[in-house]
């Protein structure tokens, strides 16, 4: 058996020690013969043991380091705002909430503490207008928020629930369920606050609808989820949902709990009535 001759290190004789060590440290970035020559030159300079094999694996043969959950999280963060893969609708809804909030600020609204008049002008669920010729406010209010904390809380929850629901429901059904749940939450808010009226904003009703949808999927007999995955999903949903409800009760003066419950019940109803073949279709 003949062995391939080791590459000569002479072309690299003028390189500094640091340059040669850099070549071997980042071997995957450079052609294999160049890396092998660097190893030979380092051995000649007695900077690495001579008994080390001079043959270095080509960069394509060096396995990449194992990915961790931090790597996966960084990749998701880079693509989260761009509709792609398994989070097209989730990203679109997230972007819509953020863009509307920024546009309201660019139009002169106070982003730290939006005034009621600004929220009404941008489409809040304001009873006197919603009930008298402007029913579209039942949906537009779901894309408005009353401050940065309100926006960030809803955006974070939307991301978590959307990433769970979109692969199970598919894009069209997720969008349908989200919007219809938002509508159900707005209607519940209108009804609950009569006759005093309400000026309500926020995606919470639609987000609670996603809780309801996922709970219905978790309890469905023919769900695509195994028993092993049902229990953790149910525990996560229960924890997040109860935390949101308790937070709403503590700040009852500023929280539209009627919209939360209305959205939740709407989501459960949609999940129960959804054709079973649709669940997990995508």
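Cβ atoms here come from the backbone N, Cα and C positions, even for glycine.
Among the residue ranges 106-126, 232-252, the one that TrEMBL annotates as transmembrane segment is 232-252. For the domain 'Peptidase S54 rhomboid' (133-275), the model's pLDDT averages out at 88. Sequence-distant contacts of the transmembrane segment (136-163), counting only residues of its own chain at least 6 positions beyond either end whose CB sits under 8 Å from a CB of the stretch, comprise 80, 86-87, 89-90, 93-94, 96-98, 100-101, 104, 111-114, 119, 122-126, 129-130, 174, 179, 182-183, 185-187, 190, 200-207, 210-211, 214, 240, 244, 254.
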